[in-house]
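To start, the structure itself, in structure tokens.
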Amino acid sequence: MSEKEMSRTPNGAGDAPRRSDEISTSPELLHTPAANDGGVAYSSTSEKDPKLSEKPQDYATHEKSLDEESGNVGQISDSQSARRRQKWAVWNRRLRPVVHFLIWALWTIWWAYGLAVYRNRLTWLIPFLLWLAITLRIITLYIPARYAMVPVKFVYQHTALRVYGLIPSKLHKPLAALVTIAVFLIGSMVAAEDGENTRARRAQALFGLVVMIAIMTLTSKNWRLIPWHTVIGGMLSQFVVAVFVLRTQAGYDIFNFISFLARTLLGFANEGVVFLTDDSVPNLPWFFTGVIPPIIFFVALVALCYHVGLIQWFVGKFAIFFFWTLRVSGAEAVVASATPFIGQGESAMLIRPFVPHLTLAEIHQVMTCGFATIAGSVLIAYINMGLNPQALVSSCIMSIPASLAISKMRYPESEETLTSGHVVVPEDEENKASNALHAFANGAWLGLKIAGMIVSTLLCIIAFVGLINGFLGWWAGYWGMIDTKLTLQLILGYIFYPIAWLLGVPNQDLLHVGELIGQKIIINEFVAFNAIVDPAQDYIHMSDRAKLIATYACCGFGNIGSLGTQIGVLTQIAPGRGGDVSKVAISALVSGIIATLTSASVAGMLATEGIIKATVSSST
């Protein structure tokens, strides 16, 4: 076979004709078949490029080479960014003291000017505390706080611990209980009587507190394991906070300043409402325009603060305090500290890695804290509704140690806890935002969902209560009780009548306060708070003392609806613990309700006519 015939012979069945390696000398591509038949020989006059004769490179090999080249570029960019970070670290190290000094100097000038101009006013305390906090924070950036604690520990070890060691161990708990009782008696009875705040009313509230503690002890899962150190410390902490708020001018100024900040925050939310509508809408007496926008804005602001680490810092400091003073586990301390800031469901998310390993007592404690207090988002809404801001803020703080004490009485720890020796606030890497703007946007979306849930829940619950009242009215008319206005509120008022008496409520307001407590437990606290400030209802005519005690008694998420919320959140975090969560849920709900009622009882023990008038005037 000739060479020409071999070049035209296929390689095999279905194969394409073999092409020459050198494209420039291929007769089939450059000339006609007649030229090929003439036996003309072709040669290339150009220099042969070896790359043209190479076979095409495999795709995987090509991709690998590109990766290697891009890796080299990435290494170069990484080294450049590392050098930039190193330069920034050097400049930060040099300029950081100067910036901190300028910040401290500006705050000092501001505080000194205010002290000179407003020295005759009692409001000088707030600027001083702000200046002191900033000064101490800047100092601790350069001098660790542990150095300052050395002399404090020395004094504590050589005074309190030595006196404590001289007392026989058998007398530690009885003496602590006697000291606590003495503090309660002196604190509640030493103030002079005024108006409806008589010593008989205070003794009535003190008796109610004793009854609630006795009920928790008698119904305890194991009363022999009750940690009385936690119980005594929790109740004493609750009482000290109440004394500071209700009996001292400094406490009143601080909490009044906090409520002023909260009310100022509402104004910024109203600016957004004005932009979306007009100037008249924020002044309308509508729940939708007056309460919902601040909730959305506050939740977005909390998400931003959480992204920059501010919430974790506050929660960590509070958690350390409860961890060392009340001797609870680290997980319990974190949840108790976070609940007033971010709410009952979100606080459990802070300890998500530990939830599958919590003991039954810890699960009970986590749920009790959620039921005993309210979240910052709805706190803003309640203040905007016209409720007493000092009572709301102080109740949130007072209910934290109370929930720890009540839960440990009802369900004491009987197992070894995983976080018994340390406090950890783990980062939420799963839901972590990319930057501050992303966090703020996520918070706005979460606030919208919370606001929507509140609106839909209130609409359905209020409509359902109206349905029940309609049925009760029909039933009463059927039996000839024409003059009796039988409602669900009236029935709840008589059921919770004794509880209102145990809180020290004046006799003429017992039924009204009992109705409010019943609405808070059976429906939710939104309905109860709305009834307090609604001018169309009879609750507006209650005495100032009754309004104050009712505000404390309703300031918590302890209701049937929240029971489903907490079970759902904890079950979602730890699906394998769903049975344990349901097992302790009802007990935790009762404990949370009683913890909130103890705060109301303490308020009834300490409230005076002067502080009630001051707080009522500041809320209007």
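A Cβ is built for glycine as well, from the same backbone N, Cα and C atoms used for every other residue.
TrEMBL lists 1-79 with the feature region 'Disordered'.
Annotation source TrEMBL lists compositional bias 'Basic and acidic residues' at 46-67.
Packing against the transmembrane segment (98-118) from elsewhere in the chain are residues 124, 127-128, 130-131, 134-135, 138, 141: each is 6 or more residues past its ends and has a CB under 8 Å from a CB in it. Positions annotated as transmembrane segment by TrEMBL: 98-118 (among others).
Sequence annotations record features per position, and here TrEMBL assigns transmembrane segment to 125-145 (among others). A Cβ distance under 8 Å defines the sequence-distant neighbours of the transmembrane segment (125-145), meaning residues of its chain 6+ beyond its ends; these are 97, 100, 103-104, 107-108, 110-111, 114-115, 250, 253-254, 257.
Annotated transmembrane segment per TrEMBL: 174-191 (among others), in sequence order.
Annotation comment: TrEMBL describes 203-220 (among others) as transmembrane segment.
The feature domain 'Concentrative nucleoside transporter N-terminal' is assigned by TrEMBL to 207-279.
The transmembrane segment feature in TrEMBL is assigned to 226-247 (among others).
Taken from TrEMBL, the feature transmembrane segment applies to 254-274 (among others).
Listed as Cβ neighbours of the transmembrane segment (286-306) (distance under 8 Å, sequence separation of 6 or more from its ends, same chain) are residues 265-266, 268-270, 272-273, 277, 312, 341-342, 376-378, 380-381, 384-385, 433, 436, 439-444, 446-448, 450-451, 454-455, 458, 530. Positions annotated as transmembrane segment by TrEMBL: 286-306 (among others).
Annotated domain 'Nucleoside transporter/FeoB GTPase Gate' per TrEMBL: 289-385, in sequence order.
According to TrEMBL, the transmembrane segment annotation covers 318-343 (among others).
Below 8 angstroms of C-beta separation, residues 259, 262-263, 265-266, 290-292, 294-295, 298-299, 302, 328, 331-332, 335-336, 339-348, 351, 392-393, 395-396, 399-400, 402-404, 406-408, 410-411, 447, 450, 454, 525-526, 529, 555-558, 562, 566, 570, 577, 580-581, 584-585, 587-589, 591-593, 595-596, 619 of the same chain, each at least six residues beyond the ends of the transmembrane segment (363-384), sit close to that stretch. For 363-384 (among others), the entry in TrEMBL reads transmembrane segment.
Under the heading domain 'Concentrative nucleoside transporter C-terminal', TrEMBL lists 392-604.
Per TrEMBL, transmembrane segment is recorded for 450-474 (among others).
The annotation transmembrane segment is assigned in TrEMBL to 486-504 (among others).
Long-range neighbours of the transmembrane segment (450-474) within the same chain, counting only residues 6 or more positions beyond its ends whose Cβ lies under 8 Å from a Cβ of the stretch, are 287-288, 292, 295-296, 299, 377-378, 485-489, 491, 523-524, 526-527, 561. Highlighted: of the candidate stretches 174-191, 318-343, 584-607, 584-607 has the greatest count of Cβ pairs under 8 Å to the transmembrane segment (203-220). Summarised as a single figure, the pLDDT of the domain 'Concentrative nucleoside transporter N-terminal' (207-279) averages 87.
Between the transmembrane segment (226-247) and the transmembrane segment (486-504), the number of CB pairs under 8 angstroms, six or more residues apart, is fewer than three, so the stretches are not in contact. Here the transmembrane segment (174-191) touches the transmembrane segment (584-607). Their Cβ atoms form 3 or more pairs under 8 Å, with each pair 6 or more residues apart. Listed as Cβ neighbours of the transmembrane segment (486-504) (distance under 8 Å, sequence separation of 6 or more from its ends, same chain) are residues 201-202, 204-205, 207-208, 211-212, 465, 468-469, 472-473, 475-476, 510-515, 517-519, 521-522, 545, 549, 553, 597, 600-601, 604-605.
Outside the transmembrane segment (584-607), and at least 6 residues removed from its termini, the chain residues within Cβ reach (under 8 Å) are 184, 187-188, 191, 197, 201-202, 204-206, 208-209, 212-213, 215-216, 235, 238-239, 242-243, 246-247, 360, 363-364, 367-373, 391, 395, 398-399, 402-403, 405-407, 410-411, 499, 502-505, 517, 521, 545, 548-550, 552-558, 560, 562-563, 566-567. The helix, strand and coil residue counts that DSSP assigns across the domain 'Concentrative nucleoside transporter N-terminal' (207-279) are 63 helix, 0 strand, 10 coil.
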